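Novice: One structure, pasted below without further comment.
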């Protein structure tokens, strides 16, 4: 307790700037009267994790800081969030304290828990300049250490420096312009030269005398290392390069991001801290065979091996051209690195029995060198004896001559053996280098495989869950259809709505629906309505009969039993997603503009609202309308056709009391604008109310195997902007045994967050309202019988089979009020793409409709019409023709610098959410279609 009290007192004195107290405690520590750690960390709430130096720096007590540093306090110790004392002094603007810390070798490049160094968090330009100068000084010190290690052959020190989190420049130079590789070459430090080459040292750099490392190589062996290592592709390391760039995205335009080049991979993040922690990457691309092109001093593009193009630009501040040049050089280096290791052909391997281990070869060479030395000494000794006169006089001339020949042959053998051993030694070194190269190559390929596996997993997830990232398969040039069944989880909508395609980059795109939630703000009288309709359906009005709509399609759908989405996607693993074309067999004969219009099927719920005086009762109807909007998706696994730019769709239903117009207003990003008008609108002038809401997530099950089926899950929130009342509905996920399948439950809350009503039901069947107390009592009684029911029925449930809507009907709570009930589908629905009666009428075309609609209307689109008529081959051909025509039109506009102009909508601000929106111009109903484009 005494030590703890002393340390707490020490921390308190440092915090308060009590210099005498600090000096007294330090003196007692020197005299060993008190024992405590000068770098102790606080344990109380006010100083948790902070050392005395942290506290004194933060509060600007310079004298205390100096006293602590003199006593040996660690200037680079971090607190619980990774901040050093220099971070704290820089943050609070203590200039003198910063200077003092730097004098005591405080490191200005320590990264804290937020991936920031001291200069990143200071608000003082003067302190920032000081820290930048200190950084440069520290970098130069590290460079001097690298140069010294290369000169002296300190391989361990060299590797330690090169393996730092932020290594020094491996191609730094001394006063003579010599790089570390120059120093290793002229000093004969072979191991250092090999390590430098492995880490990306450039042997072609010249010093101030114009000399490369080859000119300074001390001997032939060093020259062979330099020449063989570089020219044979021993480039197994490329220096990481990162920094801020602007990246073009389709939905958000140019956005600032932090771009990282590492090991031949280009990655981008929202902020630097994400890059430092290697988390929340917004995208990445291998730079194998990548090509760069430039346009102006700031702008450049990167075209990858899969033909995807990514657009970047540097900040125009400072020297943008020099900055861009650095980026282009770095991308070129990483591209060469990636191409070398990921694209070279694999050499054939010998049988394992023929492979000699490196250890055996080394041992054999050592024995051979020993034998060679012994033989050489024996030959020389014998030769000297032969040449002596005493020995030579007693031998015949022929024998003496023969001995001389044997000695000469032995000398030649020794010389040849020496050359052979030298070659084996060099071969051993080459094998060692080759082995290291293969190990590094294996590492690179393993990382590439991991990246591909991650992308493969994300692809599977995106197909199963349409709202997840990379869920669509669209391209700005190819306009191919996508597997998209996702409703935006957080898209606010008024029934002047938009379909939005969110695209992360130029190579991939994401599709989400911002589907309608409430009728638009326009109003019109019955006289105006009828005036417009006279022109539209004169034949029906002359006869005085109510118009009859069709109840069947011209031809039934083709069976999809022999087709599998996964069988197509698994063949495309590794391909660019934008180049994958989905067969027409997976479509349904409707455009997405028509699919949006299905939200209007249950407008009678909205028409009831105006006669209701209670705002809570009005909220019930609005919530029921929001749920009914997704009911048509049950068993609808076909994908609607993507709208062409300029495509329109109108639907006039006098019998239901509304008319709708939608237009594809943008292709990059793809956006569809939607406007509906009726005698009663959801902006209720009588009550001065407007409603908005979000939509649940739509999930498609059994993409890989089994029967496809659709599930809605997530939250739906309806807001009355005038009263502040809110309805929060939860679409229950299926669960393991399907108990909660299709169920919807939620509460209506008043302005004070009090529950005033409960809504429950199934989005495939009906919605009911009940008193909260009754609902809670029913839930309690239901829990009692839950165990019995689960024991009888749980064993037969199968989670991934296609559930039947009637298999577990909704249990009605006594006293409930029925708000909405689904209209039964026609008997032939299963053969007609599981369409509702309303959906079957959307593409209906007769002579009266054809006479008034523009030539851009979905009903006149030939590929949809061909598919509806059962001609799949013609539908595929027409779809391809329309895509090519759209691409050609886009390229023509691009060459002429002509921007696409929308006809019936213009951009503006939503009056309720104040967010950017597409607003209807009302000119469509004037029926002047002379300027519409030819898109079909």
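Cβ coordinates are placed from backbone N, Cα and C, and glycine is handled just like the others.
So TrEMBL lists these for the protein:
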REPEAT    48-80  repeat 'ANK'
REPEAT    81-113  repeat 'ANK'
REPEAT    176-208  repeat 'ANK'
COILED    435-462  coiled coil
REGION    524-552  region 'Disordered'
REGION    779-812  region 'Disordered'
COMPBIAS  779-792  compositional bias 'Basic and acidic residues'
REGION    881-900  region 'Disordered'
Novice: What is the average pLDDT across the repeat 'ANK' (48-80)?
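Specialist: The predicted confidence over the repeat 'ANK' (48-80), as a mean pLDDT, is 91.
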Novice: Quickly jot the same-chain residues contacting the repeat 'ANK' (48-80) by Cβ under 8 Å, restricted to those at least six beyond its ends, or write none.
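Specialist: Counting only partners 6 or more residues beyond its ends, the repeat 'ANK' (48-80) has Cβ contacts under 8 Å with 10-11, 13-19, 22-23, 26, 38-42, 86, 88-89, 91-92, 94, 96-97, 100-101, 104-107, 110, 112.
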Novice: Going by DSSP, how much of the region 'Disordered' (881-900) is helix, how much is strand and how much is coil, in residues?
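Specialist: Split by secondary structure, the region 'Disordered' (881-900) comes out as 15 helix, 0 strand, 5 coil.
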Novice: Helix, strand, coil residue numbers for the repeat 'ANK' (81-113) per DSSP?
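Specialist: So the repeat 'ANK' (81-113) is made up of 16 helix, 0 strand, 17 coil.
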